[in-house]
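According to TrEMBL, the feature region 'Disordered' maps to 215-246, 495-523, 626-656. The compositional bias 'Pro residues' annotation in TrEMBL covers 505-519. Per TrEMBL, domain 'CBM2' is recorded for 517-641. Sequence annotations record features per position, and here TrEMBL assigns compositional bias 'Low complexity' to 630-642. The active site annotation in TrEMBL covers ASP1077, GLU1086.
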Amino acid sequence: MISDFDSNGTGVFETAEGRFEITIRDTWNGGFVADSVLTLPVATDAWAVEFTLAGNGAIAPDEIWGAQLTDLGGGRYRIEGDGETPADEVRFTFVARGDTDRIEPASITLADVSDAGTADADLDIAVRESWNGGFVADATLESNASIADWRAEFVLEGDGTIADDEIWGARIVSRDGNRYIVEGTGSNEDVSAGETIPFTFVARGDTTGIEAGSIRVGGPDLGTGTPAEPTPPDAPGGETPAPSAPGADAIIVDFENHANGTRYDRATQDADWDIQFAGQTGQHAVVSSEDAVSGNNALKVTYPTNASQGLGSAYELPEEDEYYLSYWVKFEEGFDFDGDVHSGGKLPGLASEGWASGGATVDGTNGFTARYMWREDGEAELYLYHMDKASPWGDSYKFRGENGNPVKFQDGEWHQLVQRVKINSDNNRDGEIDVWMDGQQVLQLDGLRMVNDGSGIDSFYLSSFFGGSGPDWWPDRPVDAYFDDFIVSTNPADVGLADVSDGSSPPPTDPTPPVTPPEPEGDGEIRFEVVETWNGGFKAELVIVNDTGRDIEDWAITFADQGFDIRNIWGGSVSQQGDTLRIDGQDWATSIPAGGEMTFGFVADGPVPMQLSGATLIPSFDGALEEPVTEQPPTTPPADGGDPPPATPPGDVIIDGPGGPFDAADYAQVLNMSMEFYYAQYAGDLPDDHPVDWRGDSALNDGQDVGRDLSGGWFDAGDHVKFGFPMAATATMLSWGGLEFEEGYQTAGAYDDLSTHLRFVNDYFLNAYDDKGTADISDDVFHAQVGDGDVDHAWWGPPEEMDMWRPTYSIDAQNPGSDVAAETAAAMASASIFFREQGDTAYADTLLEKAIKLYDFAETYQGKYSDSVTDAQKFYNSFSGFQDELAWGANWLYQATGDESYLEKSKSYYNGNWAAGAQQWDDKSNGTAMLLAHQTGDARYVNDVNNHLNHWMYNIQTTPGTSTNDGLGYLDLWGSNSYATTAGFMASLEAKHLSETGGDEGRIAELGAFATDQLDYVMGDNPNGQSFIVGWGDDYPEYPHHRAASGTYNMLDPDPNEHVISGALVGGLDADGSFNDARNDWVHNEVAINYNAGHSGLVAGVVEGFTGTEDDAGWWMG
């Protein structure tokens, strides 16, 4: 116990239960302020401290911060955790008032928390499959007692990570280094006594399992973290401290203060709200007495024919961390919830200023929005823009009732919507949203991140319209909706809620709640949705709707093989027979009650399907299902190492030779056109005889804001931003192609143009790197980007006429960017080799000197550039990190200098390749593997190269081919042509290396045939005869997404582009071979400097290696 307080007003009470330190900070005649620190043996929120005030004083419930207070009577108080923030160190502050100046030292007691956060349960985690770079684990939770909202804690061995989208049956609550806390999701959320709960996860990195002795299981109080210190008001000297500020008063808008028929224009809104902005609300909204929940009036909104408009205003709220919003909405009888093609519309919700929407990336400073949507047949959902949204267009969360069925708006009925939003702290994923509809809780979300700047909720977004965007969403006749009794408050009681901390729901307030009509009996419905995509794969969810009128005891789904490989599945098992795949329900997902739904999903590698072709439900009403014929295929995630496949896979693999429709002269012409494309991307002061005569001077003031001439360089794509990361990657790849296939460039007559491009872009890099002219790198600056992506993309027109603000974004020692710096060092080092071979040693020496220094800067001050240049995150985020660029850059410096230490750095930083991926602007692992393989002959690197090339030649999905073409290797929708032609470039590099080192002639022929197939396909050897190279062939894209070439100020101008951007490779096609030649389709039809980089190297390789005889299988020259 505390023997007494010291001269500083501090006393310490310490037992086995913990250490309690209390400091009397301020005293006055009538009370004191005390700061307390409680240190506990385990992280928990189940702690409690009890003590008695000396004298005759009292602590008010609203004058304690960081904890909860219970008055036990007689001056004795109990202070305990808030039930939400487990920690092993707790800080709280309180004010005591009256005839008291301290607490009685002998009165202090602490609760025993030694067992807090644990439960009578066991968690077994078994590594099912492992590889060099990670493992798959199956976890099983067995409990001897019921645990609601269980949590489990464990530590990964080594240095590994678990991604949020690679855990199934559970979700990640927190990470602290390699320590993870997870909790159950869906039907796994609670565990009953004697029950077994399974979940699965993938760990990647330098890890092989779970650290022994690290596993703990508990309830929702199991966790880590220390709450922020409270900041109550300081007590003024000799005076009573001011009481804490009250929460914001409730805002109530019921439209009774306006006359019937009053337009809800800005002046009318101004009487009800503190306007942040007022859109076109007054054109489509009027105060109406036709219908109301209470009183006489409501707000009537008309959604006009063939338009989206409805409501569009935002109103300022006093900034708070938590708000409640309630309002009533009624859709007129016969309301058409469905648009022309797409179904849906927006409804109001809470937000913060910035009101992120319209596809904007939520960067933590530009606001969030939490609106609602109606969908097909009136299905209701939350429509959320938050920092971690999976979809560019916001995430949707369906409302579900107690039976798991979707909750729907019924036309002609009033519905009450109640929303609680609690903002996240700092940059943490601890935000929460709860939604109630007609007195029933229909949604509960946590782990959200809406802001990262400490801001709160400060806006009510009165937004409602049909869409989506575009006419496919619009109604074909005018329809009306009514809104009434808006209430915004920090007090749950103001919106009809009890304290929601205990999960209570509001009582039903509608005297005539809507009744959902029974669904007609059917054969069962299968809904399929791709919820997330990435390069080379996707995550999908399937919903089985049981509309059969009977309980389904077991089920299976069959569908056509569409080229993707399912590697992880939850709620089912997968098997294959011929061209048909079958999923059988398993575990918790087998039975579906009549009228209910069952959701399960899988993760797959390969092309992303729009739907499951031929999907058929096979229900069993008595539990007897025909067993699948074949065994379950392996579900191993793509490994980064392990035993590689043989260089030439077994079996009857036949790849056509070079007998396509094109000859050496065709390839030479395409290579020259590719070089012409780069001239079209030049920025700065161009000469009068510039090869692309429709381009002129532009961006002459770039860099003035930082005192550097950054007027040169390349525009990135169809826009006019200079993104330094992909620009440098493009330059390195062009140098590599020029060094390896110089003869191809010379034969085609394109070598001088390549030399011009490499000098032009490296001159820009020299200007972008400001080393202050000293040997000291601590003050160096590299200017990594010019132009604001959003501002640039908002304007359509030629670069010669743009006048928007073009800021410069930079990295330095305090704001590192190892990836962009090391990639630029690679670009300058590779170019130094190129120009040294030309005899320009002075320029080569300059480039190499700067490359060495810039690489040193990248290695010394490590970090991702997109964390420093946040504007790049939504355009060229560094997903792969910077290790691959450090390995890649070191290798090019080794080649340029001969210094073996750089080779050792390259080996050290190399962390395996993504065999199923591609060499591209972000990931350099496959390129580094090939360089190291050719330099060292080490089996590790050789195997990695073979893994990568074999995947592309034998395992990857291909688009439909022709009699002379096996089809295009298809990795991903966005940039599909570029991925394939770059893979062809890698194959041509390997073929040449083997031909020069006496490699297997059959392997050389197969590599060459694959490479030419990729090139021939984009040149037009495909079922549609479609050329994907602008200006080449009879049927090439006429509407590529390119501002300068379009010759118009309207992206939707129906006329073809005025200028032909000759040689540009457009983004690509769908997996089925379809292509959309539309200027506003930047996925299929944009052009980009990095698209043409590997493509140019491939063309040069084919020019160099092609013998011109169709029957010659060994067509690479040795």
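Heads up, the Cβ atoms here are built off N, Cα and C, so glycines get one too.
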Quiz item: Looking only at ASP1077, GLU1086, the active-site residues on record, which one has the least crowded Cβ, with the fewest other Cβ atoms within 10 Å?
Solution: ASP1077
Exercise. Averaged across the domain 'CBM2' (517-641), what pLDDT does the model get? Just tell me the whole number, please.
Key: 75
Practice problem: Work out the three-state DSSP category of ASP1077 (active site). | Solution: coil
Quiz item: Taking just the CA atoms, what is the gap between GLU1086 (active site) and ASP1077 (active site) in Å?
Solution: 10
